[in-house]
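A.B. asks: Here's the feature list from TrEMBL:
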- 29-50: transmembrane segment (TRANSMEM)
- 57-78: transmembrane segment (TRANSMEM)
- 102-125: transmembrane segment (TRANSMEM)
- 137-154: transmembrane segment (TRANSMEM)
- 174-196: transmembrane segment (TRANSMEM)
- 227-245: transmembrane segment (TRANSMEM)
- 257-280: transmembrane segment (TRANSMEM)
- 301-321: transmembrane segment (TRANSMEM)
- 382-402: transmembrane segment (TRANSMEM)
- 423-446: transmembrane segment (TRANSMEM)
């Protein structure tokens, strides 16, 4: 049964690529039908299949659906008001036009320490598209660079939930995990940016095909100030960061009302809704028509609809894979191999590729590895911390159709499914393997 599940997963991925790229079927339908067929052929009961699809769809959109909707409204107001292009001008003055992918990767790297990578990508997409248009880059390069920058810290640097959970399960020192995570993730991100630059020269994606340079100039003339333009993005990020700080194990705010307040306003849903309210201040004059179903809000929600549905369908497919038991088959099979520091990476990569969620891959792998650490000789504080980061690196490999982040990146970056496999999937492979090699080199020095 174990081999059959792996074969079934491979066939499912091939079918998704063929149906979306060759037959040009909508990814929403393809993902849902693939989820149903995988469930049937894997031997799941019909009730399990339905519960997995509805649970996966609802669970994914429960955490990211409103964030996507709010993010697209903010993006629409930034674009229509000219604020996005003010942000682009300010960013390009700091980085120069030739280093836009690197700049977006660094911004993503910093933002994803307190913010989930999918929320971060939604928040930063308006800035990314505007800067890309201004610098005349391919959105393939900048979208992938932003994605990989966000992913590096999301998987390897606390206080994101996955690394914190793994550190707790394995009994790692959190400070040491943060230090090693930073040492590993920075060069891994830089190699990811190099790959993004190479692929950006091969694949051109127009960032804003509906806008000419003349139209951009007109919007920039009427735009709000640079400071005001950044506020709908910066304020939600600060609020989410404050929530992360308040939830830190040391509890800097204790259990006071301040902590409860930051826990509320720092929730990504509330933070983005606050960002929407700030975005309403961007136009020179806010007309109530802008807030109607046919105005700017309506346009933003129309853009969000397809992204939300595809992301939810990806979550449904991922949940079916989780409940089929394929992650357990791969994890238990690999756990018997004595590969030293490579084992946590390989197990996490197998589980990530099988079921889609990086956080699930990290927690599952840490639970599998906990009883094996002594036999692997990974018992010192440095070895345990290094193992946590290795698990995080493995949880990057690879992001594909069963990962909701794959669909967020591809849809917000205008990538076809075929392009997304060449960019996002291979990009996460490059970044994750680079991180694993760095971890191995560090292990030769300190273990």
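Backbone N, Cα and C define each Cβ position, glycine as well.
Could you tell me the structural context for the features on the list?
C.D. replies: Below 8 angstroms of C-beta separation, residues 1, 4-5, 8-9, 12, 15-16, 19-20, 56, 310, 313-314, 316-317, 319-321, 323-324, 326, 401 of the same chain, each at least six residues beyond the ends of the transmembrane segment (29-50), sit close to that stretch.
Sequence-distant neighbours of the transmembrane segment (57-78) (same chain, 6+ residues past either end, Cβ-Cβ under 8 Å): 84, 87, 118-119, 122-123, 125-127, 129-130, 229, 232-233, 268-269, 272-273, 275-276, 279-280, 282-283, 290, 296-297, 299-301, 303-304, 307-308, 311-316, 318-319, 404, 408.
Note on the transmembrane segment (174-196): residues 101-102, 105, 109, 140-142, 144-145, 148-149, 151-153, 156-158, 163-164, 167, 249, 381-382, 385-386, 388-389, 392-393, 423, 426-427, 430-432, 434-435, 438-439, 442 of its chain, located 6 or more positions outside it, place their CB under 8 angstroms from a CB of the stretch.
Only residues 6 or more beyond the boundaries of the transmembrane segment (227-245), in the same chain, are considered here, and those with a CB under 8 A from a CB of the stretch are 74, 77-78, 81, 83-84, 86-87, 90, 111, 113-115, 119, 123-124, 126-127, 159, 252-253, 262-263, 265-268, 270-272, 274-276, 278-279, 281-282.
When Cβ-Cβ distances below 8 Å are used as the criterion, the transmembrane segment (257-280) is approached by residues 63, 66-67, 70-71, 73-74, 77-78, 115-116, 119, 122-123, 231-233, 235-237, 239-247, 251, 286, 291 of the same chain, each at least six residues removed from its ends.
Counting same-chain residues at least six beyond the ends of the transmembrane segment (301-321), those with a Cβ under 8 angstroms from any Cβ of the stretch are 9, 12, 27-28, 31-32, 34-35, 38-39, 44, 49, 52-61, 64-65, 68-69, 71-73, 75-76, 293, 327, 354-357, 401-404, 406-408, 411-412.
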